[in-house]
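Quick look at what TrEMBL lists:
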| type | residues | note |
| --- | --- | --- |
| ACT_SITE | D52 | active site, nucleophile |
| BINDING | Y111 | substrate binding site |
| DOMAIN | 6-104 | domain 'Pseudouridine synthase I TruA alpha/beta' |
| DOMAIN | 148-246 | domain 'Pseudouridine synthase I TruA alpha/beta' |
Amino acid sequence: MRYKIVIEYDGSDFIGWQKQNHNSNSIQEILEKAIFKFSKQHVTVYGAGRTDAGVHALGQVAHFDLTTDFETYIVRNAINYHLVSHAIAVVHVEKTDTDFHARFSAKRRYYLYKIINRYSPLTIDRNRAWLVHTPLNVENMIKAVCYIKGNHNFSSFRAKCCQSKSPVKTIDNLSITYNHPYIDINISAISFLHHQVRIIVGTLVECGKGYFPPEHIKTIMEANNRSYAGTTAPSYGLYFVKVDYS
């Protein structure tokens, strides 16, 4: 039986989604251990997005297979019982067809990046938003968005360690909402390059600081060179919001 789960987590204390040989503090491995504790079955949990260390999730989707046909509420409650010491929660469980794959069946992924633009330090939002001290010209940031949306070669907006075969991606939506001092950047696409969202955000912030005009994004894009784009925004401001499958 294949189970599809929706997960929420605070990524602050984890090395990211994907398990690694030298460190057991990944969200994937912690979930697999929790599932084993109640089912006594070793499973592999496949996620829709392999979030980096510090990245949060409001609606990460994953799947796994069990030989036992449990009621979905039992699966949800049992996993959460064994996650009580971790900032991870399963918020939804459903049974699904065996041809469903959390990663490869995804049609669109949605991310949110949170910025707080003020001089005072953060308290409640510490490790949950990027504190930018310099006053930002949000109007210029919004103007720059049009040069990023759509289908482009995003070589300038990918990490050097990115293993994607092609740098070409389509940004379906990119929008900025501003309610001083809060700036929310929403972005969606079928898939993203490694660090693509964070580099886009870092570049928009540099535009907002006045380092370059909005139209300079075209030059950055055409350069196909990572050194032309802005800094990589911190991971802790990024949220994996949800996934579409239809």
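Backbone N, Cα and C atoms are what each Cβ position is placed from, and that goes for glycine too.
As the structure is a computational prediction, the values presented were derived from the model and not from experiment.
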Neighbourhood of the residue listed as 'substrate binding site', C-beta criterion under 8 angstroms, separation at least six:
N186, I187, S188, F192, V197, L238, Y239, F240, V241
Just give the helix, strand and coil counts over the domain 'Pseudouridine synthase I TruA alpha/beta' (148-246), going by DSSP.
30 helix, 31 strand, 38 coil
For the domain 'Pseudouridine synthase I TruA alpha/beta' (148-246), provide the mean pLDDT of the predicted model.
96
Could you find out if DSSP has the residue listed as 'active site, nucleophile' as helix, strand or coil?
strand
Cβ atoms near the residue listed as 'active site, nucleophile' (within 10 Å, other residues, all chains):
18
